[in-house]
C-alpha cells in the first residue's frame, strides 16, 4: 500500500465537515502503465452532472454569443445604400461587406473547431478559443466604425467574420458537452436558430440607425462593438471549460502534481495515443473536409442547410429591391419587412416542445434508454415542406400590385421551416457524431457560409435579369428539390450510420442476438454513453489482468489541501 501524500490534519473539526468522495482508477501508476483518469458515475465535475441552473446560464451566454455574431452579419446590410454613397462605390461593391463577413464564417471553423476538440496535449479546449476569438472580434469592430475607404471596410468585415465564426461551431459543441440526450432538445434548438434570428433583427436595427442623420452607418459598428464586448465579458465570467477531454487532462495533471510527481496519470482520451502532436492536429484540421467527402450524412445535410442559409442571406440584397426600389419603402421600413421571417423563427423555436415529446417517446420505447438520432428529425420533415411554401408564396406575391402585407406574411412559413430544419438537423448531427460534433458542424458551416457569401452577390443580378417573381422562384425550386432529404435520413439514417467510422452505432443496428444493456450514466466519451454490461466487461478485463493495480483516491471537497492517494494491489 502506497500513500504518497495525505491531507493535513491541523484542523480535525474542519475536516470532519468536508464531503469525501472516492474514485477508482485503473492502471499501475507507472510511466508505461499510468492510472487512467475517467469520469465516475455521478461525478460532480462531469459537465453532464452540473446543476440545471448552471447549464442554462452557460446555454444563454452561448446563445447571446451566436446571436451577436449573426446580428453583425446583417445589421451592416441596413445601410448598404448610404455606405455606397459615402464611399463612392457601387451597390454591388457595398454588398461585398456582407459576403466577406459570411465568407469569414466559412474560413474560421476550419481552424477553431479543430483547436477546440483536438485529442492532444496541445488541445486548447472550447473556453480559450471562445475568449481569444471574441476579443479579436470585438477589437476589429472599431476598425469598421472608423473606416472611410473600401479597403479598410472590407478587411474589417472579413476579419470579424473569421473571428466571429467560433461560436457557430464551438458553441454547439459546448451545448452537447453539458446536456444529456434527453435534455438537450430545447437548448440545442435555441443554439441552432438564434443565428437565424440575428440576421432578421439586424436589418431592422441597421435600417433605422442609418435613417438618423446624427448616427449614420458607422454607428452600426459601434453597436456591434458594444454587443461583442458584452458577450466577451459575460463569457469570461459565466462560461467555464466544458470539453471532457480537457477537463480530464487537467484532473490527471493535478493528480500527478499532488503525488509529488511520483505517480503517473493519463486521461482516458490520451491512453494508447501513439501519434505525434503534429499528426493529431493535422487529422483534426482535415476532419471537416474528410466528413464532407466520406460522411453522406454530413454532405447531404450540409448541401441542404447551405441552400436554406444562402436563400436567407440572398434576401438581404433581395428585400431592398422588392420593398425599397419597387414599393418605395424607406430604409427603416424595408428592415421591418423581415418581421414575418422573425415571427416564423420564433414559432419554429416554440415547436421544439413537440419534437422533444416525440423524442422522449422514442427513448421510452428503446431497450437501451437512448433513442436513435433519427428521432430528432420529425420537425425537419415538416420544415422541409414549409420552406418552399413560403418561398413560392413570396415569389408570386412580390409584385407591387399585391398588398405589401401579403409577401411579408410569406416569411412566416419560411421562418418556421428554417427554425425547424436547423434545430432538428443540428441535434441530429449532435447525437450522431458525439465528441466530433464540432467537426461535423464545421463541415456544414463551411459550405453553408460559402453559399451565404455567394448568393447575396448573385441575387441583384438575378432580380435584374429575371424579375422579382422568377428570381425568387429559383430559390423556391432549389428548396423544393431538397425537400425529401430529412425524410430519407429519417428512414435510412440507421443504415448509413452503421457504415460510418465516426457516427454513433445505435442498438437497432446490432444483431438480434446481441445482449441488452441498461444505460446507467452518460459522459462525453467517443461512444458518449456508458452501458452497464460494457462497463462491467471493461472492469473485469482490467481486474483479471496480471500485475495490474487499482488506485482508489479519496478526494476532499472543497479541495483545501493535497488529496489522499491510496493504491492497492
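One is the number of the first residue shown, and numbering goes on along the chain from there.
Any Cβ shown, glycine's included, is placed from N, Cα and C.
Automatic, uncurated: that is what TrEMBL annotation is.
According to TrEMBL, the feature transmembrane segment maps to residues 375-395, out of the candidate ranges 249-269, 375-395, 501-521. Taking TrEMBL as the reference, the stretch among 13-32, 33-52, 93-112 described by the feature transmembrane segment is residues 93-112. With a cut-off of 8 Å between Cβ atoms, the residues of this chain six or more beyond the transmembrane segment (189-210) that come close are 59-60, 62-63, 66-79, 82, 168, 171-172, 175, 216-217, 219-220, 223, 312-313, 316, 319, 330-336, 338-339, 341-342, 345-346, 348-349, 352, 355, 415, 418-419, 422-423, 425-427.
Taking every recorded stretch in 289-316, 336-354, 401-421 and counting its Cβ pairs under 8 Å to the transmembrane segment (93-112), the highest total belongs to 289-316.
Of the ranges 289-316, 336-354, 375-395, 433-458, 470-490, the one with the most Cβ pairs under 8 Å to the transmembrane segment (401-421) is 336-354.
Scored on C-beta pairs under 8 angstroms, the neighbour of the transmembrane segment (375-395) with the top count among 336-354, 433-458, 470-490 is 470-490.
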